[in-house]
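Novice: My questions will all concern the structure given below.
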Amino acid sequence: MASELINRRHEADQPAADAYYPRPTKPWLSATRPMRYMLREQRLMFVIVGIAIATLAFTIFPRSTRSISYSDPFSGYGIKPYVPAQRRPSIEYTSRIGSTGGKIPLGLKRKGLRVVVTGGAGFVGSHLVDRLMERGDTVIVVDNFFTGSKENVMHHFGNPNFELIRHDVVEPILLEVDQIYHLACPASPVHYKFNPVKTIISFLKKKIEFCFCFCFCFWRWNVFGLLLLCVFFDSMCVYKTNVVGTLNMLGLAKRVGARFLLTSTSEVYGDPLQHPQVETYWGNVNPIGVRSCYDEGKRTAETLAMDYHRGANVEVRIARIFNTYGPRMCIDDGRVVSNFVAQALRKEPLTVYGDGKQTRSFQFVSDLVEGLMRLMEGEHVGPFNLGNPGEFTMLELAKVVQETIDPNANIEFRPNTEDDPHKRKPDITKAKELLGWEPKVSLRQGLPLMVKDFRQRVFGDLKEGSSATATTTKTTSA
């Protein structure tokens with residue numbers, strides 16, 4: 001037993017003959033393996049040849065971009081739209097919208113702007129939307145359809161770059177946009193006289209009155225205080241105003257860093273004592289007349305725009321629009337051109353208010369849209385007069401309508417309306433020099449295009465009505 005207890009420590013210290021020991025990895029092996037793979041079976045040559053073919057293909061064949069089909073609204077009227085001038089934007093505006101100077105890399109396309117147009121379903125707004133869509137921008141129309149119509153923008157439905165929002169600008173709205181065209185406001189006398197409170201209410205005054213009444217009710221809690229609170233709260237609910245809408249859009253422009261264009265009006269000059277009117281003229285406005293809701297509302301809107309520009313560094317543009325006409329105007333909106341055309345088509349007398357010696361200047365809508373776009377893309381704040389300096393008396397306009405539609409149309413004189421301006425003619429020297437803009441379409445050229453649109457709408461509705469009546473009669477007789 002003792003012989004089996006043998007010390008085998010020396011055997012344990014000796015290494016086993018069949019033990020496995022891996023070879024140490026060579027540090028340069030990880031770099032040579034990819035190279036051997038590329039060189040094996042001429043793979044490197046095929047890669048170089050592929051790169052050469054791709055470069056040759058991109059060089060020879062131009063890059064094709066898919067564009068969305070667009071139907072020009074003036075194609076049926078014989079007017080070719082203007083191509084907007086290539087203007088160099090300011091450094092601040094370029095940096096804000098994310099554009100880079102120099103050549104665009106191959107395979108990339110310049111990103112279009114996101115543009116909101118308030119009142120975009122209206123007469124002028126819908127034509128502006130057409131031009132922006134044609135340019136390739138993403139357009140958001142905000143309209144409450146008080147004077148606008150869906151039919152004016154219906155041809156853009158289904159376009160991924162178009163969006164329509166039913167919204168009143170007196171309520172705030174949150175959007176991410178690069179440009180804001182603020183056109184929302186009743187512009188014709190029929191509409192803004194129908195609801196003058198909607199056109200303008202003293203915003204700050206109502207806030208002060210409401211705060212005063214609220215404090216008074218807490219100080220003397222009685223029936224009289226509650227009565228005052230109800231009265232002032234009711235007036236606060238009538239926030240349908242030009243001023244509040246402009247405030248909301250300026251606030252949006254400030255929050256998102258967008259450029260803001262305000263469409264003001266020649267009515268800020270009132271019944272002018274200076275003729276023609278230049279932008280430096282302060283005007284002659286009756287602050288308590290029937291037109292004052294519109295005149296003073298636009299003057300206040302201009303004040304707000306300039307205060308936001310000076311105090312909050314908002315990029316603003318101000319356009320003072322003179323009388324404009326063209327397709328898609330409301331047929332019975334009370335403006336003189338639409339009144340004369342509709343009356344002549346319906347075989348009614350042309351109503352001339354006063355002696356007919358009042359003068360106006362009329363520009364076609366395509367000229368106005370061109371001016372608005374040039375103003376937005378330019379580097380000048382304004383204000384700018386946008387109008388046609390061609391001046392006509394009301395009697396001269398009536399004669400042009402007679403020549404265009406019905407030479408036998410009668411003229412009927414009626415008492416003049418209150419605060420009707422005697423003369424109105426823009427001085428567009430500033431727009432010519434700084435924007436390179438001037439109207440191209442004369443009254444005798446543009447009026448037939450408007451008549452064609454009005455005739456289709458007036459008699460088209462009558463034909464539909466007569467056909468429906470005939471169908472009903474046949475059904476009844478059968």
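Placement of Cβ uses the backbone N, Cα and C atoms for every residue, glycine included.
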Novice: Between the candidate ranges 43-61, 214-232, where does TrEMBL place the transmembrane segment annotation?
Specialist: 43-61
Novice: What mean pLDDT score does the domain 'NAD-dependent epimerase/dehydratase' (115-191) have in the model?
Specialist: 90
Novice: Count up the helix, strand and coil residues in the domain 'NAD-dependent epimerase/dehydratase' (115-191) according to DSSP, in that order.
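Specialist: The breakdown for the domain 'NAD-dependent epimerase/dehydratase' (115-191) reads 22 helix, 19 strand, 36 coil.
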